[in-house]
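Some features that Swiss-Prot has for this protein:
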type	residues	note
ACT_SITE	His159	active site, proton donor/acceptor
ACT_SITE	Lys163	active site, proton donor
BINDING	Gly12, Ala13, Met14, Gly15, Arg16, Met17, Gly102, Thr103, Thr104, Ala126, Ser127, Asn128, Phe129	NAD(+) binding site
BINDING	Lys39	NADP(+) binding site
BINDING	His160, Gly169, Thr170	(S)-2,3,4,5-tetrahydrodipicolinate binding site
Amino acid sequence: MKKKITRIAITGAMGRMGQVLIKEIQKNKNTVLTAALVKNNHPLIGQNIGEKIGIGKTSVSISSDINIEKNDFDVLIDFTKPSGTFYFLEQCYEFKKNMIIGTTGFSEKEIKTINSYAKKIALIKASNFSIGINLLYQLIQKTTKILGNTSDIDIIEYHHRNKIDIPSGTALSIGENISKVMNWELNKHSLYYTKGITKKIRETKKIGFSSIRSGNIIGKHTVLFSSSDEEIKITHSAFNRESFAKGAIEAAVWIHEKKHGLFNMNDILKDKF
């Protein structure tokens, strides 16, 4: 049976991630771009999105009004900021449209709200949509089961100078994966390195977080398991944003006909592999 085409709306269409998503949608035989959304008063509203991002003329004009586009898409993909994400989430909730959330930096209260919206629409929320990082989560879980009680654990993350949340959402997801295996509450077992002089030796049963913001680093995450005898280092590096975009688009296709619920990339990997 022929697979149903997924019609996708992209928010932040003229941003770095938005442009990569649109280019990858054009390459995917199972998807079509039907809405390219930007903020109000954007100077390119009304112009052809394809021409503006260098892929040739498309059938989609840049818009700031999701109400105009609401009948033209099945799934919305959002990689913006929490405030923008919630605006679009409320619209998707009202229109009964499914949504992919790639934004990070939500508060606990905002996460609870997202969970409540998933009772009516289908959502996939992930801090990182690359297949590689989601495989890293699985490796981390297995390593933690064996070494978690005998090692100091550290997460070191590197991103571009414009990333505003510290630590990264992916680093926190790694920490949550470790905490789940160890039966810890992450916020009670986190150690954030700052300037100063340590007054005591490092506490046990803590996950150390270090963040670097520099240049145009797409994303790199290293997890260390260090004991007095040896060290295991597990690293994932993203060379470009295409890996995130491809994963998000696969997520959109997967969630297209789901009725409701909150899902993550692990749900998709279970189906695919």
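One is the number of the first residue shown, and numbering goes on along the chain from there.
Cβ coordinates are placed from backbone N, Cα and C, and glycine is handled just like the others.
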Most Cβ neighbours within 10 Å, among the recorded positions His159, His160, goes to His159
Comparing local Cβ density (other Cβ atoms within 10 Å) for the binding-site residues Gly12, Lys39, Gly169 points to Gly12
CA-CA within 10 A of Thr104 (NAD(+) binding site), subset of recorded positions Lys39, His159, His160, Thr170 in residue order, equals Thr170
CA-CA within 10 A of Thr170 ((S)-2,3,4,5-tetrahydrodipicolinate binding site), subset of recorded positions Gly12, Arg16, Ser127, His159, Lys163 in residue order, equals Ser127
Integer Å value for the Cα distance linking His160 ((S)-2,3,4,5-tetrahydrodipicolinate binding site) with Arg16 (NAD(+) binding site) is 12
Among the recorded positions listed as Lys39, His159, Lys163, Gly169, the Cα nearest the Cα of Arg16 (NAD(+) binding site) belongs to Lys163
Within 10 Å of Gly12 (NAD(+) binding site) (Cα basis), scanning recorded positions Lys39, His159, Lys163, Gly169, I find Lys39
Near (S)-2,3,4,5-tetrahydrodipicolinate: residues not in His160, Gly169, Thr170 with Cβ within 8 Å of the site Cβ centroid are Thr104, Ser127, Asn128, Glu157, His159, Lys163, Asp165, Ser168, Ala171, Gly219
Nearest to Phe129 (NAD(+) binding site) by C-alpha distance, among the recorded positions Lys39, His159, Lys163, Gly169, is Gly169
Span of the recorded NAD(+) site, as the biggest CA-CA distance among Gly12, Ala13, Met14, Gly15, Arg16, Met17, Gly102, Thr103, Thr104, Ala126, Ser127, Asn128, Phe129 in Å, is 22
Check: min Cα-Cα distance from Ser127 (NAD(+) binding site) over recorded positions Lys39, His159, Lys163, Gly169 goes to Gly169
